[in-house]
Structure formats: structure tokens, C-alpha cells
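Colleague: If you scroll down you'll find the structure; I have some questions about it.
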Amino acid sequence: MGQIEWAMWANEQALASGLILITGGIVATAGQFTKWGFGAYSIAAGVFVCLLEYPRGKRRKGSTMERCGQKYLTRVVKVLGPLSKNYYVRAVLHLGLAVPAGFLLATLLGTACLAIASSIYLLAAFHGEQWTPIESKPKERPQVGGTIKQPPSNPPPRPPAEARKKPSEEEAAASAAVSGGPQENPVLVVDEVV
Amino acid sequence: MAVSWRSWLANEGVKHLCLFIWLSLNVLLFWKTFLLYNQGPEYHYLHQMLGLGLCLSRASASVLNLNCSLILLPMCRTLLAYLRGSQKVPSRRTRRLLDKSRTFHITCGVTICIFSGVHVAAHLVNALNFSVNYSEDFVELNAARYRDEDPRKLLFTTVPGLTGVCMVLVLFLMITASTYAIRVSNYDIFWYTHNLFFVFYMLLMLHVSGDEWEPYKLRRLYFIWVCRDIQSFRWFADLLCVLHNKFWQENRPDYVNIQLYLSQTDGIQKIIGEKYQALNSRLFIGRPRWKLLFDEIAKCNRGKTVGVFCCGPSSISKTLHKLCNRNNSYGTRFEYNKESFS
């Protein structure tokens, strides 16, 4: 269990909670129920949470699957500093955002889900995890063929090891130096089209 | 790239056929249930109170029922291995269909998510409507206990409400841990949360049983009260008279059938005066003759379900319990409920 990265799960939960908050908020404001102001708040909070949580953080080991188009939001979220990096801060923030939505029936579910996400973020913070942005490194384009200096010196089909070791070391070295280029095939190779 | 129809049929045909059958089943179930609650005469008053929310919540519930039953089957690996390896499944085509079990499991899972969303939203609106449209005329139909009862209370103090909330939270944990990214990076989280399905099914059993309280549509109440001495009846004499008069005014005098029994006859005095006229004529000396009473009630309610509610000492309780289980020739079913405060 020591290798589990809780933050990744918390991230999925928070994103889902954000969507649930938005949906509940829409139902509350569109239905014009009493206290629909909480519904409007819920939409705003949901949108904020979704934007904050959309860029996935980098995993400690291995490659991370990026969400579609997340690099634009990564730039914005990076700027927020400790708000985005520190998971303790995120846990408290999510809990705080969740509370007002609890006053309305339509958004109550969003509160519960965001509260759960907050607690998993707390767990992640205890494990010392933090959010690192996924930066795409600029790819160096190597010159085509730039690293190819010489053709391979011992391509297949290769004779068995005994045949190769038969001559003495110096002779092998000498013969290798002499026939450094294409090797001699033990059997005639014919290109046949079947 | 041109598709070879023969290859396509071999590769996709049966799979798509099964998907089509499953889809049709779901659509049919949803439609039938929706129409039942939209037009069925036995749900007329409930429909007046709740509107579209009733139809959507019930229709989505039946789809959820189907998919929750189906979703476990593709994950019975031993069963699948047995089918694959035996003579029972002769053709290669069927074997290849079994390979798609995990995809089917995921399809059912996604359906459960979507319809859970519909079901929850509809029931939240229902809770609101129960509270807002509370009417004195339909007390027994309403899940709310008084007008403008906070719908959140309805959610958390009823069995279906509470189990429903817990199920949604369990589902939330399971779904968020089942995304491709999590499965690929932290399989443990997916595996451990997915084992919560057991909790989900336990809650589901309770959720459904909470609904069984609805069918007690009250047509007549037999109120039988046994006391030792006459003074005990004074406690509720006023209330009983008020009720009796109310039903007389509403022209349904037989709605409540009051029978008072005085088990001890020393120092008897009828309930004095004109004030309790209605009760005087309903006062009997001696213990009630339960067998005869049950026979009479069974005769008047052929084929129906009658709820028997006993609050009292265990001797009466035992008698009533036995009588409830006894056979009667009218096809009436007696359901026994007991409560005691001592």
C-alpha cells in the first residue's frame, strides 16, 4: 500500500464533485427553489473546482496520462503557488467550498462528494505528496542519420559462437579489422519472393 | 479501407446483436414502468402529488434493477471459464462472445451511473413535492409527515432515503477509482474500492424493502381496545368521539370501526352521560372474540392484505400472531406488526 498515490484518486473525486456541484446548482437555480442563491454559489464553486483540478499532477514514478488539453490550465494553476502545490491547502480549500452547498437539497450531494475528496487530499498530504506540473520538454530533433557512422559490424545471420571463436584472438582481431564492413555469410543468401 | 462484410459479421455481428437485445430490454422496461405510473389508476393520487418525478424515479429504478442484476454475471470468472472449457458452448463464436464479458460489465456500470443520476434527481424533486404539496386528504400516501417538512429530513430519516444516500456515496467512490488513469497507475485503489460492491448490494436490499410500506392503502381502520376498568377509556374518549364525528360529517361513518372491551366486570358503569354516546354503544363486556373478528374482517376484505398492529402484553400478542398465520377461506392475508412499550 506504500506505493499508492492518493492524490491521483483525490483529483478524480474532486473533478467529479465539481461536476456534481454544477449540475445540482443548475437544478436549484433553474427550478427557482427557495434559497436558490446557494444554487448559484454551487455553480461558481463547481466551475472553480473543475478548473483547479483539471490539470493532473505528475506521478512520482513513471509517466502520467495527461488530460486532453490540460497544458493550458497547467500554466494557470502553476501560478497559484502553494494553493495548487500543497495538498493540505487543497484539502482545507475544498472543505470550505463544500460547506455552503450543504444548505440546499439539490447540491447536498456535491457537498458530500467534495468533502470525501478533501479527506483523501488530506491523506495524500500526510504521505508527503504534492502537485508537480507536467511540463512538456521540447523535443530535440536529431539529424536523420546523424548518429549512424558505420553499418553494423556483425549483423545476423551470425554463425554459431564456436565458428566465430575458432581463429586465435589476434587473428580474429586482424580479420575483424580487415573485413570490418560487410561480413561473409556462411550460406549464400538469395532473395526469393514466395 | 473497404470493410469485408463477412469479416465484420464474424467479428462484430453477435456482439452487436447482444448489445441490441440488452438495449431493447432497458428501453422496454423504462417505457413500461413510465407509462404505468403515468397512467395507472392505482397511482392516480400519487401522480397528482408528484408529477413527472414519480414516473422518472420509478422508471429509472426498474432499469437500475435490471442492470444491477446483470452486472455481476460477467465477473463470475469461474463460471465463464467453465462455460468456455466445456461442451456446453460448442461454437467458437460463442466463446469469443464470452471474451467480451468485461466490456459488458463496464457497459452495465456506465448505465447504472447514468440512471442513478436520474433516479436521485427525480427523488430529490419528489421529496420537495411531498413536502410542498402535503395535503390532509392523503396522509397515508405522503412520505412527509406535515406540510413543508424539510425535505432533507425526509432524506435522512427514512430507510430508503438513508440507504439511498449511502449507496450514492459508495458508487461515487467506486466510479472515481475505476477510471482508466487510476487503473493504469494505482490498481490497488481500484481493486479495494471495487470490493465495496458487497456493501452496495446490502444497502440495495434494504433500500427496496423500505418501499414496502406504501401498499397499506387504508380503507377501514378497526380500532380494538381492551382495558380492565372503565376509567382507562377516559384517556382517549374525547379523541375517539371527535374522530367518530369527523367521519360522520365526511359521510364515511364506517371508516373507523371502534370496539372497546372491558375485561373485568366488577364495579362497571357505562361511560357516563350523553357526551360519550357514540362510545357507549361500542362498549362490550368481556374479552374480544378474536377468531370471529378475524373471520369478519377476512370476509369483508377478500383477497386483500390487512395490517394488524398490536400494542400490548405478550398473551394477546401470541394469540394475534397465531391468528394472522391461520388459513382463511377468503384469501385474505394478515400481516402482523407488534410494538410494545414495556
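Cβ coordinates come from backbone N, Cα and C, glycine included.
Pulled from TrEMBL, these are the listed features:
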- B:20-39: transmembrane segment (TRANSMEM)
- B:59-83: transmembrane segment (TRANSMEM)
- B:73-204: domain 'Ferric oxidoreductase' (DOMAIN)
- B:104-125: transmembrane segment (TRANSMEM)
- B:154-177: transmembrane segment (TRANSMEM)
- B:189-210: transmembrane segment (TRANSMEM)
- B:214-325: domain 'Ferric reductase NAD binding' (DOMAIN)
Colleague: Return the stretch with the most CB pairs under 8 A relative to the transmembrane segment (B:104-125), choosing among B:20-39, B:59-83, B:154-177, B:189-210.
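Modeller: Answer is B:59-83, with the largest number of Cβ pairs below 8 Å.
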Colleague: Can you give me the average pLDDT across the domain 'Ferric oxidoreductase' (B:73-204), rounded to a whole number?
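Modeller: Per the prediction, mean pLDDT sits at 85 for the domain 'Ferric oxidoreductase' (B:73-204).
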Colleague: Name the range, of those listed as B:59-83, B:154-177, B:189-210, that has the largest tally of Cβ pairs under 8 Å with the transmembrane segment (B:20-39).
Modeller: B:59-83
